[in-house]
């Protein structure tokens, strides 16, 4: 434990960020690769309409992940700050309470989701053609949502103590097994889209077992005892309050999917929805290296903020922004240059390839700068400042994107083009606002640090 505390508080920032973000980046990129490969198997094994059904069900699956991430990120932030302040017992309470919360909420969501599955899918834009595929997939996902939620939430707790390697291995186990099981269940057992869902649940269960084994192996900084599992109001409120921006961001994405799926169905039909499903997988793959850097950034920023080492906080923010700009620019350049070949991996449907190749160039146009927006929301969350983090989480998707996607298609009969234009416009506006907020926060931290140095001299 002392070695990890020393690492977070004293190790050179560039080396520390690489140490914590590289495993997270590898793990999350591999996880995104699973989503891509999963969609490829579904596209060639079942067809583009099955991809459309997956596109409808996926935002509901993301709601489950949103709950797990809310609890995991909220607890991780509190754990990092508690460890930074030297209060290990408090950190153990946050971890124990997060376990109980994620199990309770996941079970409730699973039961309610299974009861109201058809109206839920209709709400998310399922057409009569896509409904059977979406229902088959989501039914199985809901049954295993508790394991899925626990694996996602616990990964954040492991990262909060600076052990990114364990989190990476957990994700690789889940992803690797999923990639192996997909063709076996989809093609070998002729289960179609049900096979893809079952592969996901089995894989997440194994990831869940690996995390549990680590947490109780004696190697973790956290030592969760039975009394830490008793829910306490102050810990529950802190976890949910700090994790809420992450939840809002992902729920915002699911709410956006409702608007988007209905708009795509209206202006382009089932094929447009299927095309968007492929675009979504490709964009997730481009974003995952950036999210990996942010996963490494958060424990460093949270720990040093708790330890009042504000110069290190600003240093890691600046380095993270530069890193994300490089990642995003590379991804955008590749997507912009070779769009047709990317879609040909998933399907031979000419209409899907045509729509997708046209759309993705709009969507990645502002990608090089969006890292600033991602880091801004994550930094306020790491500091435990829920209000600005909540605002930034809502900014792009709920406040800017949704009005644009409702208005632009109607201007000059832009139709689908108006939907695609909404992406670069919302990216630019949200990045500008979040960048200004982050700059102000960094300036405040620098002022506090300079005053602290002056006091020490006296």
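Note that Cβ sites are derived from N, Cα and C of the backbone, with glycine treated the same way.
Automatic, uncurated: that is what TrEMBL annotation is.
If you check TrEMBL, you get these features:
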- 20-44: transmembrane segment (TRANSMEM)
- 56-79: transmembrane segment (TRANSMEM)
- 99-125: transmembrane segment (TRANSMEM)
- 137-154: transmembrane segment (TRANSMEM)
- 166-189: transmembrane segment (TRANSMEM)
- 195-216: transmembrane segment (TRANSMEM)
- 255-279: transmembrane segment (TRANSMEM)
- 285-307: transmembrane segment (TRANSMEM)
- 319-338: transmembrane segment (TRANSMEM)
- 358-383: transmembrane segment (TRANSMEM)
- 390-408: transmembrane segment (TRANSMEM)
- 420-438: transmembrane segment (TRANSMEM)
Quick check for me: are there 3+ Cβ pairs below 8 Å between the transmembrane segment (390-408) and the transmembrane segment (255-279), leaving out pairs under 6 residues apart?
yes
Counting Cβ pairs under 8 Å that are 6 or more apart in sequence, does the total for the transmembrane segment (285-307) and the transmembrane segment (195-216) reach three or more?
no
To the transmembrane segment (56-79), which of 166-189, 195-216, 255-279 is linked by the most Cβ pairs under 8 Å?
255-279
Could you pull out which residues elsewhere in the chain have a CB under 8 Å from any CB of the transmembrane segment (195-216), counting only those six or more residues past its ends?
38, 41-42, 54, 136-141, 143-144, 147-148, 150-151, 154-155, 157-158, 166, 169-171, 173-175, 177-178, 181-182, 184-186, 189, 222, 224
Under 8 Å Cβ-Cβ from the transmembrane segment (255-279), and at least six residues away from its ends along the same chain, one finds 39, 43, 48-49, 51-52, 54-56, 58-59, 62, 123-125, 127, 129-130, 343, 346-347, 349, 351-352, 355-356, 359-360, 363, 397-398, 401-402, 405-406, 409, 415-416, 419
